[in-house]
């Protein structure tokens, strides 16, 4: 029945690679082929069927192995192809560059040959030199001598395909390729040598030319500069040639080293490749062993299945003639018996080891006892020795010196540590301050960044809304254009009216200047006529502060009449006060906006009424007859002077108050102007028109009030002035006043025309407003939205400015912190200098310490001398110990011989017991010749094995997981309950969870 298995085993050798066949055949000769059990067979058909099944199974295994081998071979083929491709590529590259090198060398040789032919024609035959040293020139590079050794397939031109070179390499053998490459190498060497010879020849020729030039220069009169230049060039040429030769030598040496390193690299690569091949071989062997292991595992699994199914025993003698058991069963029995024997042997060995361990522990204890006794010697014995006393004295001296040195060292270390700690504390304090400031700066910067991000978001939202509003406003573009055109026309008309008003203002200023001149002339006339001048001064100076302040002038006190002042001083003060009154009135008229001029004109009218009343009251008092007495006139002059001074001070106060009011009104006008700018354009135009109208009306009212005042003044002055010169001047003033009145009439007519035009334009504007009401409403809404957006944008810009200012402040703070850090760094440098000084002092202390250590070494030498005496005593002790050691080996040898004899005795006893068991088995086999009896005996043995060794009645159904010995569950539980918790065989302790029930089928 073992025929198919023999065929399979013989065929297994062909599945491996060819290089492994010999070793595989050698290995297969040593393997044992087990017989194949087919079981009970009733007919030949059943036998053929089982044989075919077995063959199919083996073929399937072989097929799997073959597929695995094919996969591995494919991988190796791919690797080899890749390697071959890389090798071909490198060969092609080497061939191409080698061919290029040969071509360049040939070109250089041609150039040198052509130059040599041209130069050799004029030269003498004696000066020519051959290319070689022996006079036999090498053939030309184009001749056949250099090209014959090289075949054309190894030196293809660049135009030929690279495949020809690879095909030629594949067609030729290794010896041919080596010969061809050697010839090509010789050609390259010869060409390079010729190039070198040509370069040497050129160099020699250059040297000859230089010598000729030098000799010719010596014979012919040349300039010293040319000679020096030629010598310098010659030296430079020689230096460059030497440098070139040195560089060539260096390059040659480096190239040789590089080639050596390349050879080493290639050798290392070859070693790596060899190692890879060995690794692949080992992997192949491992794979083969793995496959063999798989086969054995399959066989073992089949055997276990057959054992579990009870297929391995046949109860009748029909299957096997003579009732014999199978070979595997016999092996199994033998293995079990050997296992039992080995277990017993291991137990005996374990007992021996435990015994030896106990003996070793006893020996260690006995060895430790004298050591402990030596360690625990009484102190009195040690103190009584002379060596101890001598060492104690030396130790006391050395100890005192070491204490002194130690105190000094501790002091130095303490000082150093104190300085270091103070330095570190200062640095930590500085670092903590710096960290705190950095944290504050970071938090402030983060807050500013957050606010900036919020402002940017708001700005983006406003911009988006503004763009939306612009897009909405573009729809009403044509209507807005028409309205703007109409408004621009009205604005142009208003600008014309404003220009006329400005022109009238200038005329009014000129009139006021002329009136001031007249007042000055009138005051001059009062100086010439003293009896009439005082009433004029009082009449001129009194209304000025009344006009500015809007109330009656202050009444002079009785004490003021006693003081005297010159008359010209009073006139000058009155004229200066009037000029100051005129200047702020003009500035107020120019500075006020159109919206604020209406109330100011009303205030002026209200101020003009009390002025008139004051003048009417003062008129009788200031116009006394010229026949008054001189005393009363002098008192009156004093009172006038004092009153003029007081009025000047009050006038200054009033001017300051008016300046404050003007500033406040200017702020209000700025606010109104901002509101006016942010208001819609139609409202702005309407406000401009109304403001211009109010302004014109206010100017007209002011001019009328001034004309009335001037008329009243003229009337009072006509009563006061009696002199002819004054009358003449008054007439001139009246003529000017009439002229101004005529101008005023013309301005009134122009004003009425302007007012009528304003009414017409206002009516047209109202009509247009009624027509475009709805559109204006929409525009107002859009303008309101734009106004809101603009206000929000202004707020955002203000916030942005504030944030920028805060950022600048933070930058200044950062600069301050940097300056603080620099100052702290300076302090750190100072501390480091102090530390260096302390380190220098520490170095001095260390020097002292070295001196002390030298003294300590002297004392140590003394101690060594004392130790030598002790060693002499030790030598005597060692003599005694050597005798003891000589005796101890004899004792150890005798003990070892005795132990060896006991060990051999035990081994002999074990061998005797093992041989006895074999003898008993052999006797059993001889006694029970019949197979049935053998089977019955084996069954009894198996039953005895399956019974519990403790009670010998129940079957084994419990296992101890500590040692895996099997007993019956009742015995194990009884021992556990009786607290005998150790294995009956090996005395291994077990617990409640260490025994389990098993079921043997």
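Glycine too: its Cβ is placed from the backbone N, Cα and C atoms.
The region 'Disordered' annotation in Swiss-Prot covers 1-39 (among others).
As annotated by Swiss-Prot, N6-acetyllysine applies to 20 (among others).
Summarising the annotation, Swiss-Prot assigns phosphoserine to 42 (among others) and lists similarity to another entry as the type of evidence. DSSP assigns residue 42 (phosphoserine) to coil, not to a helix or a strand. Its Cβ placed at the centre, residue 42 (phosphoserine) has 8 other Cβ atoms within 10 Å.
What Swiss-Prot records for 116-153 (among others) is region 'Disordered'.
If you take the C-beta of residue 355 (N6-acetyllysine) and look for same-chain residues 6 or more apart in sequence within under 8 angstroms, you find none. The DSSP secondary structure for residue 355 (N6-acetyllysine) is helix. Annotation source Swiss-Prot lists N6-acetyllysine at 355 (among others).
The feature N6-acetyllysine is assigned by Swiss-Prot to 517 (among others), with similarity to another entry given as support. DSSP gives residue 517 (N6-acetyllysine) a helix state. Note on residue 517 (N6-acetyllysine): other Cβ atoms within 10 Å of its Cβ, all shown chains, come to 12.
Annotation comment: Swiss-Prot describes 519-646 (among others) as region 'Disordered'.
Among the features that Swiss-Prot reports, compositional bias 'Polar residues' is placed at 522-531.
Positions annotated as phosphoserine by Swiss-Prot, on the basis of similarity to another entry: 528 (among others).
Annotated phosphoserine per Swiss-Prot: 585 (among others), in sequence order.
Secondary structure of the zinc finger (948-987) per DSSP, as helix, strand and coil residue counts: 9 helix, 7 strand, 24 coil. Positions annotated as zinc finger by Swiss-Prot: 948-987.
Spacing of residue 42 (phosphoserine) relative to residue 517 (N6-acetyllysine) is 166 Å (Cα to Cα, whole number).
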